[in-house]
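S.K.: Structure below; questions to follow.
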Amino acid sequence: MWRLWSSQLQLSGRTKCTPEGQRLWQSTKVMMAQYSSILTVIGLICVLISFTTNATKQNNSQIYIVHCQFPDGERTAKYQDLESWYLSFLPTTTSDSSREAPHLIYSYRNVLTGFAAKLSQEDIKEMEKMEGFVSARPQQFLNLHTTHSVNFMGLQQNMGFWKDSNYGKGVIIGVLDTGILPDHPSFSDIGMPPPPAKWKGVCESNFTNKCNKKLIGARSYQLGNGSPIDGNGHGTHTASTAAGAFVKGANVFGNANGTAVGVAPLAHIAIYKVCGSDGKCSDSDILAAMDSAIDDGVDILSMSLGGGPVPFYSDNIALGAYSATERGILVSCSAGNSGPSSFSAGNTAPWILTVGASTTDRKIKVTVTLGNTEEFEGESAYRPQISNSTFYSLYDAAKSKGDPSKTPYCKPGSLTDPAIKGKIVICYPGVVSNVDKGQAVKDAGGVGMIAINLPQDGVTKSADAHVLPALEVSAADGIRILAYTNSISNPIATITFQGTIIGDKNAPIVASFSSRGPNKPSPGILKPDIIGPGVNILAAWPTSVDDNKNTKSTFNIISGTSMSCPHLSGVAALLKSTHPNWSPSAIKSAIMTTAYTLNLASSPILDERLLPADIFAIGAGHVNPSRANDPGLVYDTPSEDYLPYLCGLRAKFLRVEPEVNIPSDIFQDNQQFKSCAC
């Protein structure tokens, strides 16, 4: 979502660095809770795992996952260095000189007590004699979709609704954003049909050779500086989320490795660059783009931008969206990133599909282990090439000499203390992005970073593509880490990267940043309408965030209602492909009336506090594309049916603010409005 400031709007990138947030952080008191390691439980579970060794000798070594248990039943100081303990299981000599020596691949700390190693059958037989060994079994290869949100929404290739909708074939999605990187594989037109005959859009003269049957239109407006090329990344990400092609081998630092794909991979994309590389967007550009899109013949408008909750008479997006809706175009907009505050949702006109954000069941898990054996879970897209369980000294950034308004937050250039070198730095929330904090720590000689969240973020965490080993932890965990750090003379910790974990039964969880109702401009209209995947979404990016210069297949993982909006734009495209005669309100109705309100554990969907989320957080619930295809009943609202409602709002505004000059564009040619007693 984008924040209205003067006459400009800003992208719905997640924002946590507010003075209010800092004050809340400083004033919040969190009870210190007992923390117990789950490793003991995992070890006991591992005892139940049986493994039968294949009697047939295999000549070649392969990777096995080895389950262990602590001989005394629990992890003690003796096993503080897990990697050394795991290494002790590996035979140091082999009887067969032609056989590859065993070696450790991964050391696990939380997912299980054990490790992965390249082993032979003879190695395993030797290990079976060792105390603490439970089992060993060959690794299995799992097929993961990096835009895992597509699978999470129930869309499966070559079957069900995705197949029935022909992947959105023939539908045109107009994306208003920061532009696009046309050469990215996500915008390849292999297997794409030509655009429909109704298409009247263009690719600007300096961009003609960049368009194809996938990317069929590209326009740039004032802030676009004369080129639709994306100088920010946001537009490339949202466009590929809505309708990107299948791209194999997509990942960030090897995380979430698999095949990336948009929700409607056979839909066409028309890009309208209305925002500059700084993330600012002029509402005049937005209206001009919407005007062009209506003429061009788009079916869906996807707008991951907007202002805060403002009266409809001063909301140009609402006005433009009404005109688009009149012409049969569904407008999908992000609700904003001002949650969890009430009355914070934007783009709340009733003819707009207003989208909030939630998690999927995928985590990119990282663990920080303290010297007192306490462990805390976080997330990060960074992953080192070599596993390292070394403990490093901890450094509280608030203890650094310098400007107290900068150093605790690891603002670039503020960390000048030589003592930071070789340490893991704890950074406080706010002021700058966590990636920028990490760069500041790296520049100061730090070897890692723990970024603490704001209290209101609850369990919502971002898996950012950091420049050094780092993770984001909750405010509650951050306070406990700080308490340990400041309680002894030499606090130490290690950061362990577990990678991609699928199967969070609490999913979907409403993201803390997702803006909430009630609908301030019109409380009688429930907003947001729907929630969809918007946390740690992997999609196309113009540049390599992991410094891989040998590929055009570059991706990034980011969060925001900007990410959930194109998911719903893609779902709308699938429905339009299957039901070409459905109106925008019929599509919106089908999506809302078939949404679900229970999570994977069959309990009510939770918010960032892990409490049941209310209707002002989830709207109708989480999108369910397959059910939306056959809703049984739709509530079709012709655009003229909004006129009595708007007339009433106009009368109310004129009574409360008689000096306000209310635009009457919606009503100017409508007889019903002319007879309305306003």
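Cβ atoms here come from the backbone N, Cα and C positions, even for glycine.
Per TrEMBL, the features are:
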ACT_SITE  Asp177  active site, charge relay system
ACT_SITE  His234  active site, charge relay system
ACT_SITE  Ser562  active site, charge relay system
DOMAIN    64-145  domain 'Inhibitor I9'
DOMAIN    168-597  domain 'Peptidase S8/S53'
DOMAIN    410-480  domain 'PA'
TRANSMEM  32-51  transmembrane segment
S.K.: Which whole number is the mean pLDDT over the domain 'PA' (410-480)?
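M.R.: Across the residues of the domain 'PA' (410-480) the model's pLDDT averages 95 on the 0 to 100 scale.
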S.K.: Please report the distance from the Cα of His234 (active site, charge relay system) to the Cα of Asp177 (active site, charge relay system), rounded to the nearest angstrom.
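M.R.: Answer for this pair: 7 Å between alpha carbons.
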S.K.: If one looks at the chain holding Asp177 (active site, charge relay system), which residues at least 6 apart in sequence have a CB under 8 angstroms from its CB?
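M.R.: In sequence order, Asp230, His234, Gly235, Thr238, Ala239, Ile271, Tyr272, Lys273, Val274, Cys275, Met303, Ser304, Leu305 meet the Cβ cut-off.
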S.K.: Just how many other Cβ atoms lie inside 10 Å of the Cβ on Ser562 (active site, charge relay system)?
M.R.: 32
S.K.: What is the number of other Cβ atoms found within 10 Å of the Cβ of His234 (active site, charge relay system)?
M.R.: 27
S.K.: Residue counts in helix (H, G, I), strand (E, B) and coil for the domain 'PA' (410-480), per DSSP?
M.R.: 22 helix, 13 strand, 36 coil
